[in-house]
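To start, the structure itself, in structure tokens.
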Amino acid sequence: MAGMRRLELAEALHLGPGWRHACHAMLYAPDPGLLFGRIPLRYAVLMQMRFDGRLGFPGGFVDLRDGSLEDGLNRELGEELGEAAAAFRVERADYRSSHAGSRPRVVAHFYTKLLTLEQLTAVEMGAPRARDHGLEVLGLVRVPLYTLRDRVGGLPAFLENTFIGNAREQLLEAVQNLGLLEPGSFAHLKISTPP
């Protein structure tokens with residue numbers, strides 16, 4: 001991922017006191033819905049519009065002295081998503097990757113959490129009442145995991161937005177590795193695919 005090097009979690013946790021840790025989670029759920037009665041949605045994936053106008057995943061900086069990365073991430077999710085985040089807990093088993101950047105010295109830890117569609121919808125409904133809504137978080141968005149007939153609308157157009165850090169690459173890697181897209185979808189996207 002551009003400007004960042006991938007590292008194992010154990011290595012990331014031993015980098016020392018000069019490093020800050022940020023944890024973010026992609027929340028997703030199977031979605032049997034059809035757009036316009038014919039385009040399968042397959043999955044609902046949440047991202048958020050941040051205070052800086054960029055798209056990213058819920059989460060933020062955590063302090064390892066307060067417990068685990070997951071404790072800090074779940075605290076952040078509660079602040080950004082509200083009470084519905086208490087219905088689930090991101091665990092170590094949900095961990096996907098860590099990437100380190102040298103300036104600033106930040107390690108970005110990424111998690112994916114499978115929810116039910118009801119849980120995900122509750123998060124969407126409750127988010128406007130969350131502590132950080134309207135401040136750090138300007139709103140939640142669902143990622144369109146389809147490509148329209150023109151091969152521009154849907155995911156290709158969504159990926160033209162501005163993302164924070166490596167959130168775009170995290171999204172692409174996760175949806176590919178978790179099998180959230182129709183088989184062969186990446187071949188039709190005019191983007192560079194994750195390694």
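Each Cβ is built from the backbone N, Cα and C atoms, and glycine gets one as well.
Taken from Swiss-Prot, the feature domain 'Nudix hydrolase' covers 18-168. The annotation substrate binding site is assigned in Swiss-Prot to His24, Arg50, Phe57, Asn166, Gln170. For Gly59, Glu80, the entry in Swiss-Prot reads Mn(2+) 1 binding site, with the evidence type similarity to another entry. Per Swiss-Prot, motif 'Nudix box' is recorded for 61-82. Taken from Swiss-Prot, the feature Mn(2+) 3 binding site applies to Glu76, Glu80. What Swiss-Prot records for Glu76 is Mn(2+) 2 binding site. Annotated Mn(2+) 4 binding site per Swiss-Prot: His99, Glu173, in sequence order, evidence recorded as similarity to another entry.
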Near Glu76 (Mn(2+) 3 binding site) in space, meaning Cα within 10 angstroms, which of the binding-site residues do we find among Phe57, Gly59, Asn166?
Gly59
Taking residues His24, Arg50, Phe57, Asn166, Gln170, which bind substrate in the record, the widest Cα spacing (Å, whole number):
16
What three-state secondary structure does DSSP assign to Phe57 (substrate binding site)?
coil
Kindly assign Gln170 (substrate binding site) to one of the three DSSP-derived states: helix, strand or coil.
helix
Once near-sequence residues are set aside, which residues in the chain of Phe57 (substrate binding site), 6 or more away, have Cβ atoms under 8 Å from its Cβ?
His24, Ala25, Met26, Leu46, Met47, Gln48, Phe110, Ala167, Gln170, Leu171
Relative to the mean position of the Cβ atoms of His24, Arg50, Phe57, Asn166, Gln170, the recorded substrate site, which additional same-chain residues have Cβ within 8 Å?
Met26, Met47, Gly56, Gly59, Ala108, Phe110, Phe163, Ile164, Gly165, Ala167, Leu171
What does DSSP assign His99 (Mn(2+) 4 binding site), in three states?
strand
If you draw a 10 Å sphere around the Cβ of Asn166 (substrate binding site), how many other Cβ atoms fall inside it, taking every protein chain shown into account?
22
Three-state secondary structure, His24 (substrate binding site) (per DSSP):
strand
For Gly59 (Mn(2+) 1 binding site), the one of Arg50, His99, Asn166 that lies nearest, given that the binding-site residues are compared by Cα:
Arg50
Could you give the Cα-Cα distance between Glu80 (Mn(2+) 1 binding site) and Arg50 (substrate binding site), in whole Å?
10
Need the DSSP three-state call for Arg50 (substrate binding site) to compare against my parser.
strand
